[in-house]
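Annotated in TrEMBL:
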type     : residues  : note
TRANSMEM : C:14-37   : transmembrane segment
TRANSMEM : C:57-81   : transmembrane segment
TRANSMEM : C:93-111  : transmembrane segment
TRANSMEM : C:117-140 : transmembrane segment
TRANSMEM : C:152-173 : transmembrane segment
TRANSMEM : C:206-224 : transmembrane segment
TRANSMEM : C:252-273 : transmembrane segment
TRANSMEM : C:293-316 : transmembrane segment
TRANSMEM : C:328-352 : transmembrane segment
């Protein structure tokens, strides 16, 4: 039983990690008023280029850097289209997801050929001295790849940034009332740009986690909807970072349960567990579980004087 | 009228033109430090334009300003702020989901937020002007008055020499106005100058040192409060020149109201019974409004804007549910029935905000004129455009709506023609029992105004009960049979629609209970 | 002077139509460059593409069948878009349509119905299921003010997982599990439930879905351009308050608009199932919902535009698959082209407006 619990916690964390990274990044952008449906595409791009960089250089850390760089480039184009060109954010997002799926698959086939499952150099697991030996939860919590610790630190940093710095204040203001922010002298476009780039950075981390830290290879469409799940987590988390992270853990747990419950002899349809995150997010946007309000100007481009 | 040595801000022959519209003309005014200067005027009189010139939003077309001893030509609001002019706009620029302290720190601080320190400063400033403000409350949960105080503190934190408040009382429920005026007084007493823009007369008596009145872009009065007479101010503000037109219109050869041959359906046309509207913050916007209108009667509802007319209009249009009370059209209770039922019961509505409520500007004139009667032109689900356009053409002739064709976009019409088209649509309802027209002649030229009056009167002669909501006293006197007055959401009196009653009605409008 | 004044509106329309064209051609060029860059033989690849798209009766039929599904989703999209509603849930609407059609098609009393009813009832079932799915989003919008983009997207994922659920559980639609190797799929539907072919040529998979689609396209064009309902959709998309004031039931209109969009998606799902796939499996909607949305967007509200775009993407998909098999160029290339087109068109909206309004 204890062993099962440990496995459950470990797999929950493993499954929730990329969601947490991507969702907390996306949260910044959404608080600034830009919705990146392209989160999935950013993550997939990052997963691919992370794997590629790691494989080509033999150095997983370089791989992570490549992942982040690739994802940030995608987010820069997204920012340019959403902020400067005032394009429909949803359509652009869908376009990026199609493009990312096509491009990564294409490049993968061209570079790695066929269906090779070549192992790439992955990140080592780092045990926290003393704590990793703790009974049953020790390995789950304190023997993780470096990226997990860095990622968790980044999430805390985002929380602090959003709630305790002037930049965070600007982000929230341009997402709610860009006109008021503009009057207060906040550069709306620049603030939104930075927020989207932060999303790209975090999505890059998330993608790198999947390919370099977790699976140690790239497979076609390997994010498999994790980006959308992260978006759902932001919605279910009510655009609040603590609740968003909790939502990611919940979604991770629901996914982990599909392997655990049968082993425990409990018969819950896997599909239902997988569906749960989306159902919860639906209930959340319908206001059934407490009224959640998205940032007032989410997806609305800003133009002075209009 | 020339600038005197003691003034902080002086305006010299200031004028502003937007395209063909002369928004301001020949305005000269002196504002002294330590004083409250009130600026009175109706909607569109040029008050906001004047403020925006002072605050650097626009540049004047002609004239000059001096501020604090030097020539004043700010190129942007940022410069004005820098140099010591702060402005509280009619529409607050606060982010509702952030706290007061966060809003006030926005754009003012860099790096890590020190909420406590900043909050203490906010408290201090508020206290020094005799009010309290909780820096940690979320703006969206504050009353309008509290939000306004937050805006005022935001301005005062910059230690301005001149504080401009654009229509600050327009948004306030009656109970909060007194507190605001006290703050204005204290700000002036601290040696600053205050410009208070308003169209509510009663309040200014309490606080103003000087009062200036703008009408159609010109300064028509500028005097010290001690010399001012309330009745004259109302007159200066709302009284159009007594054109013979109005008098002629008032009696265009038809029998007077009393002896009109009523079609006399047994029921009252429109009954409002205790209508009460609370806004989101619980403030009372319309207070126990009760009124009966007989078929064939035109009842005017006078009042300075912002005293509950908009809310009443929305309720009667079926677009806003009253908190309490009921209303009936032709005896049908339509309180909770919605807009479609109002139309079906014979309630014609000419809304105050034409573009937002009355029409779809991107669609054609014909489509707009029959927006509520499209079924009539539908065969097997298909719209009979030819029939529709022909019918529109006829109605355009009848109601003198001038457009190249019924198929041109509604947005291409002039304001007058748009209004005539909306009126045509509502007046051709079958049956038509009651007509509610809110500010129906606003922004229209003289001939269009005349046409609108003629149509409203014709409808009344056919037995329609009309509620005419207007802030133009002369209009009401010219058209209505009797005039009721709305003040702070309540009916405060009723007078016959006669020229000799203007003074009394003006007094009621300004809150002096007759 | 007058000549210029008259030519202006035409120039604007031309500009509006030019953008998708430029985007398509530009993206195709990028595609060709990618083929060249990957070291594959470009003429070979083009030949394989043409072969797969137009090379045989089979190729043409398969491409058109694909276009039918895309058109239907696209038509539903532009109908709802007329009311300013963006339906991004086509994928899920296809999925529930497919589920309904499978469930009804596998039910013997229906499969044994005479007079073609065995075909028609599952089609209608799929349509209704899609309408219900779209209607949920409409209801949420009217009742709770939920943005339809978020709700249709989330409902889409739920529907995809419903398919997964249906084919995983023998209690639902999974075929009887005779061994551990039994695939998680439904049983195939009976021949009576399959859509009849159109050509009589056994080579060609072309089925009557094409006829249904064309009829619905004509109906859509009429509804959008000629009907009172279409006018009401337009009005509510432009000014909801004025529409309510004029006595139209605004909320119902919005629900109906999204339900119709869903119905088109559901019908597309039923046609895909009864016309080609014949049994339900996970991922059976295979991106047609998103592609259909793209087709709808590129069409700029025109029915003919939807048909043209759908044909283009239908042939693109077929050609892409053939390219992969015959010239070893990954079919993912077509996704790259598609993604680039969507981004280019979406990004150029403001640019076009500026040029159109340009003095």
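Heads up, the Cβ atoms here are built off N, Cα and C, so glycines get one too.
What TrEMBL says about a protein is an automatic prediction, not a curated fact.
Below 8 angstroms of C-beta separation, residues 51, 87, 90, 93-94, 134, 199, 201, 203-207, 209-210, 212-213, 216-217, 220, 223-224, 233, 237, 257-258, 260-265, 267-268, 271-272, 275-276, 288-289, 291-293, 295-297, 299, 301-303, 306-307, 309-311, 313-315, 317-319, 322 of the same chain, each at least six residues beyond the ends of the transmembrane segment (C:57-81), sit close to that stretch. In terms of C-beta pairs under 8 Å, the stretch of C:14-37, C:93-111, C:206-224, C:252-273 lying closest in packing to the transmembrane segment (C:328-352) is C:14-37. In this chain, the transmembrane segment (C:93-111) lies in contact with the transmembrane segment (C:152-173); the count of Cβ pairs under 8 Å, excluding pairs fewer than 6 apart in sequence, is at least 3.
The highest tally of CB pairs under 8 A with the transmembrane segment (C:117-140), across C:93-111, C:206-224, C:252-273, is held by C:252-273. Contact check: the transmembrane segment (C:93-111) against the transmembrane segment (C:252-273) gives at least three Cβ pairs closer than 8 Å, residues 6 or more apart, which meets the contact criterion.
Residues 60-61, 64-65, 68-69, 71-72, 75, 78-79, 82, 123, 195-199, 230, 233, 264, 267, 271, 275-276, 301, 303-304, 306-307 of the same chain lie 6+ residues outside the transmembrane segment (C:206-224) yet bring a C-beta within less than 8 angstroms of a C-beta in it.
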